[in-house]
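Per Swiss-Prot, (6S)-5-formyl-5,6,7,8-tetrahydrofolate binding site is recorded for Arg24, Glu82, Lys120, Lys442. Among the features that Swiss-Prot reports, GTP binding site is placed at 227-232, 246-252, 271-274. Residues annotated as Mg(2+) binding site in Swiss-Prot, with sequence analysis given as evidence: Ser231, Thr252. The annotation domain 'TrmE-type G' is assigned in Swiss-Prot to 217-367.
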Amino acid sequence: MTNTNETIFALSTVFGKSGVAVIRISGNYALKALNHFHIKKEIKPRFATLVDLYDDSSQLIDNGIIIYFPAPNSFTGEDVIELQVHGSKAVIKIILEELSKVFVMAKPGEFSLRAFLNGKFDLTQIEGIADLIDAETKMQAKQAIKQISGELERLYSNWRQRLITIQSKIEAYIDFPEDIWAEKSELEKINNEVQSLVRLIQEHLNDNRRGERLREGLHIVITGEPNVGKSTLFNFLAKRDIAIVSEYAGTTRDILEAHIDIGGYPIILSDTAGIRESSDPIELEGISRAKKRSFEADLRIELFPFEQRPNINCNVVNSDTIYVLSKADDVINNHDIKINGIDLLPVSILKGIGTNKLISLIKEKAEEKFGHDRDTPVITRQRHRNHMQKALEHLQRFNIDNPIELISEDLRLAAFELGAVIGIIDVEEILSSVFSNFCVGK
């Protein structure tokens, strides 16, 4: 997948105008950069040194900071040079052109791949780094930091080691059948240990996709009849004018989306077409999409017009819906109103009535979905879930009365799946899938 004998380089910061740009070099010949840029100063490891950088014709390119991290005490485990220069597009281009004369441009994720191959991180920690880079909210960053710290790796390594210990006892029987397997108490211990792992993995999988939801965002859909104030509420929560607000019913036809942050939780908010009877084929398509998105959503905010409150009739009441009386401009207080057994929150965007309470309700619902800062490690990717599910299936097939070879194979396959999550395998396509999603320079 990659030639780790090559010395690689890349821009680690975003290309564009900025105060500082960081260029990273990693490999056995990283120190060649000093000669190439005519740097004469002594570079002390892990100290910032101010230097002038010159091109081949001895023209000054820029002055900046150079830091040398000798192997193995670096991000990649190799010799690493970091150049901190002015964030000028021209300067960056010139330096990258100069480096390309002696080194190879890194592929996306190649620095992290080398860190993994050199034992600096396991796969879940590497994925945590990617999640931290992509994090847009406090809770996303918090989850990523936990993963980088090795939460998942420690959990899965512990389970895997327990399986290996069990398998070693069973393998011993193959060589010495007259010893271990004759003890009934030993059989019971092995069976109890396997069943304990089955319960732990089942509980781990039965987490309502909390980790994945936090990575991807909680899907919230605003629904209701036409002209009930959906777009006004959408713009208010998004804190910008995205949807067209009009007195004419049926203005919103397609689904509009906004990524917002409520209480540190990532929310994907959708404004949808008003639900009503219509003969307009375009509006009907919008209504169809609205119903589909509402069905798929993690949470719904259903709006009813305040002036029609005596006639409200909701056939299905569920905990994943917040019921709102919109355009409640004349309400005396913002206490919930109960109609036909349903609690509805009066909200007026115009007068700021009920808006804070609505945001608090959304945050409470998000905390319920995300498991409000749980201490236990959570699955954060479908890749993890797939391997854990396969490991569980192998363990559920475990039967102490089966032939010894089948028992051993089920345990081996379960341990393999756990190892696949953290990267204790030699399956190149899995590694390619993980690291191809990184940006260049990481």
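A Cβ is built for glycine as well, from the same backbone N, Cα and C atoms used for every other residue.
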Spatially speaking, which of the binding-site residues Asn227, Lys230, Ser231, Ala273 is closest to Arg24 ((6S)-5-formyl-5,6,7,8-tetrahydrofolate binding site)? Use C-alpha to C-alpha, please. Ser231
Within a 10 Å radius around the Cβ, which one of these binding-site residues has the most neighbouring Cβ atoms: Arg24, Lys120, Lys230? Lys230
Mean predicted confidence [pLDDT] for the domain 'TrmE-type G' (217-367): 80
Measuring Cα to Cα, how far is Ala273 (GTP binding site) from Ser231 (Mg(2+) binding site) in Å? 9
Through the lens of DSSP with three states only, how would you label Lys120 ((6S)-5-formyl-5,6,7,8-tetrahydrofolate binding site)? coil
Rounded to a whole number of Å, the separation of the Cα atoms of Asn227 (GTP binding site) and Glu82 ((6S)-5-formyl-5,6,7,8-tetrahydrofolate binding site) comes to 57
Could you give the Cα-Cα distance between Glu82 ((6S)-5-formyl-5,6,7,8-tetrahydrofolate binding site) and Ser231 (Mg(2+) binding site), in whole Å? 48
Surrounding CB atoms that lie within 10 Å of the CB of Asn227 (GTP binding site), all protein chains: 20
How big is the gap, in Å, between the Cα of Ser231 (Mg(2+) binding site) and that of Lys120 ((6S)-5-formyl-5,6,7,8-tetrahydrofolate binding site), rounded to a whole number? 49
